[in-house]
């Protein structure tokens, strides 16, 4: 077993991603052929559940793009189900401290290293027990990315980085800017300073920094600073803005939209 996304991060190869929020296997497959290194299937802010995640994993599987799945919460039960349907790389939201980071890691590991329940006869992940010795190989194939999104998490970042099994740390600029008192303005200088400092700390600890940023100039800046997994857009935004722009060229019904150059998404 291997995890190409995890291998790329370990090798220090920057990975460019796209956020998926349409909850559609059809659009997921369409975007899997677009050339992104990874695609984030969002279960926190998009109305995904285990069955919809499963169909998107199946749709992406034939393509080079690697799936990353975000559960709605740092919940071992939900994580167990996502792993069983085939997720190998998880982006765990709102991790505040080392204890919560350890919980996320343990949820992805079979005992004695963790608390993942054994049900491989029922699991797509093991090809229904057709993967030889799956239970002894699976732990090493897991990639755990934790999200830091508050001032408390930033304060605890050194301890989070010390947690064995955390492969990367994703900085959530939207929630972080809100927590810092600059909601809706992730480009505020205080927020940007915090993000840049966090990227440097994460790299110095030998982990992979990640972020989502639709502003092209900022996304490139984060890559220059050493971010290794950077999502540069969102499927819902691409569809909405593209449709609005097309309508505006032919009708008088142009919709007022958010300036994406000032937004995370």
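Every residue gets a Cβ built from N, Cα and C, even glycine.
Keep in mind that what you see is a predicted model, and the values were worked out from it rather than measured.
From the candidate list 147, 201, 204, the residue Swiss-Prot records in the substrate site shared with 174, 175 is 147.
The local packing around residue 174 (substrate binding site), expressed as other Cβ atoms within 10 Å of its Cβ over all shown chains, amounts to 17.
The Cβ of residue 84 (site 'Increases basicity of active site His') lies under 8 Å from the Cβ of 119, 120, 122, 123, 124, 125, each of which sits 6+ residues away along the same chain. Listed in sequence order, the residues 93, 94, 149, 171, 172, 173, 176 complete the 8 Å Cβ shell around the substrate site centroid, once 147, 174, 175 themselves are left out.
Listed recorded positions: 45, 70; maximum Cβ neighbour count within 10 Å falls on 70. The separation of residue 175 (substrate binding site) from residue 70 (site 'Transition state stabilizer'), Cα to Cα, is 15 Å.
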